[in-house]
Amino acid sequence: MLARLEQDLGVSIKDSFDLIAGTSAGGIVALGLGAGLTPSEIVGHYEELVEAVFPAARRRLWRRARQLTAPIYDGDALRTALTKVLGEGLLGDSAKRLVIPAWDVQRGSVHIFKTPHHARLARDWRIPMVDIAMATSAAPLYFPAARVDGHRLIDGGVWANNPSVVAIAEAVSMLDVPLASIRVLNVGTIDQLTNHPKRLDRGGLFNWAKPIAPLILTAGSRGGQGIAEHLIGKAAFTRFDALVPGGLYALDSADPSDVAGLAASVSRELSPIYTARFADHRAADYTPLIGDRHRGDPTSTSTTEVTR
């Protein structure tokens, strides 16, 4: 979607945003933008990643048969694919301020990777971007947990499927930005309509085993959006996403060509909105602050991009 917006508008979208947050696939996109890639370059890598990590339907069925005792997909294949996208760069090499949520399964707590955009953030900058991408995209059932800096981490989507509130909190608490000065562009990764049959009202594992995970993710995303809109006002919150019938796509089976078509449709409709709300802002240069060594002054942050 970001790639199509850039193509249609002839702009560099990341130049308009002072802070970028991303969870799961959105976390990979955020890291890619921080690593200096354009959205179009990320799309190209994404298509290669899908081919390398997610097998054809025939092999997918066999992999699902083993999910009772093992993840469906190979974490090593994902790491290899992500390394092609992000290289050997560290989080501290990012050209943009980033916040990337994950979940610590050992401690049962939130874990957020942050670039050194505040003097107190003196640790995460040493962590390879690939390790962070592995953590935020380690969706339960699909991939094994990632071990990063002594933590066992899984997909940040289990608690921050829409990280808008995470980004807003970071802008206020770490960058001293007033709520009234924040504008958020929230980019989704396909929103599917939910229409659960009445049999779910009866409860039970048999009825809920399949729909429970998508429901929790959707509820978390929409709840996060609602809180964000309450904090900064609906006029300051913009969501770009494609709405499709429920069950049309699974986490591991969205065809890149279908996604490209949806992105074109959304861009056609929302490009004027982007131009009106975000094109007038150019993010100030970001200079990292590593530990107590102050290498520059944090700039006033007024726009935030959130990818999910």
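Quick reminder: no glycine exception, Cβ is built from N, Cα and C everywhere.
Copied over from TrEMBL:
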type     : residues : note
DOMAIN   : 1-168    : domain 'PNPLA'
ACT_SITE : SER24    : active site, nucleophile
ACT_SITE : ASP155   : active site, proton acceptor
REGION   : 289-308  : region 'Disordered'
COMPBIAS : 298-308  : compositional bias 'Polar residues'
Which same-chain residues, if any, lie at least 6 apart from ASP155 (active site, proton acceptor) yet have Cβ under 8 Å of it: THR23, SER24, ALA102, TRP103, THR136, SER137, ALA138, ALA139, PRO140, PHE143
Where SER24 (active site, nucleophile) falls in three-state DSSP terms: coil
SER24 (active site, nucleophile), number of other Cβ atoms within 10 Å: 27
Where the residue listed as 'active site, proton acceptor' falls in three-state DSSP terms: strand
